[in-house]
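Working notes, structure below.
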Amino acid sequence: MKFAKISQVAHYAPEQVVTNDDLAQIMDTSDEWISSRTGIKKRHISHHESTSDLATRVALDLLKKSEISAQDLDFIIVATITPDSLMPSTAARVQANIGAKKAFAYDLVAACSGFVFALSTAEKLISSGAYQKGLVIGSETLSKVVDWSDRGTAVLFGDGAGGVLLESTSDQHFLAEIQKTDGSRGESLTSCLMGLQSPFAQTEDDEKYLTMDGRAIFDFAIRDVAQSIKDTIEASPLEVDEIDYFLLHQANDRILNKIAKKLSVSRDKIPANMMEYGNTSAASIPILLSECVEQGLVKLDGSQKILLSGFGGGLTWGTLIVTI
């Protein structure tokens, strides 16, 4: 029987950094106002680089670290809500950029849950026995879709990409998962396609940008997401104290504090990096995972149990427990 495992990680963020003090120069806000409410201190902003450029850097780094060729890849999945274009897909652009001629490639759209949804999908592809190796990447350039005059959203988001190499193995590494969607609450967090106009229909300016009902999303995260994490642990062969780290979507530090209390888990087991990157949507979890490996928290030697949980637009939320 075939299984899948995460064998390598990588991440990339644009060089340009915008601090809270920088934002205070262009809108009515302050470092204290932003950081006390979100934990965010700065974010990386793409200037000339596109979503596929960021994802390509991650893909090349994964190949280099793994010492494999692009020709060894069977598939590439990119989770994003900020694609370069509707077609070709961001994943197709990455496939061309790295020369992975044998790989099929497609995008997956599930907002801040995108990486978890994509990783679950990729695990099924490899476990089927039909494929051996694939890249799963979360990549976003959210700076291009936020309204920079709206301090309620503009201060939250940043650009970046992260990803993993998934490979076939004879041992089970994916231990449990739960994925959910509630489209009836979808209007709580929206992002429309900018620049699309028709002589038969007009688009209002306020429909062109990312919008969010912050209170609704906060309540959703601490209620539904926390319960989903509990349910996933119960569906696994593990107890909560057997999980080494909880890598959650980096939306807001207060959300992480609330979830930690609901799970009765020490915050030391819930790493955070939103202070450096802000909310990078589908990229947040793989960036965090890659940084945890760099810092030596996660070993990539098959000895640790890691919980990954994403939540966001759709509304969508999903949790995976994996051996890494």
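Glycine residues also receive a Cβ, built from the backbone N, Cα and C atoms like all the rest.
Positions annotated as active site by Swiss-Prot, on the basis of sequence analysis: CYS112, HIS249, ASN279. The region 'ACP-binding' annotation in Swiss-Prot covers 250-254 and rests on sequence analysis.
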Between the Cα atoms of ASN279 (active site) and HIS249 (active site), find the distance and write it as a whole number of Å.
8
How long is the line from the C-alpha of CYS112 (active site) to the C-alpha of HIS249 (active site), rounded to the nearest angstrom?
7
Sorted by position, what residues of the same chain at least six away from HIS249 (active site) have a C-beta under 8 A from it?
CYS112, SER113, ASN279, SER284, ILE285, SER309, GLY310, PHE311, GLY312
Around the C-beta of CYS112 (active site), how many further C-beta atoms are within 10 angstroms, looking at every protein chain?
32
Secondary-structure category, per DSSP, in which ASN279 (active site) falls:
strand
Let me know how many other Cβ atoms fall within 10 Å of the Cβ of ASN279 (active site).
24
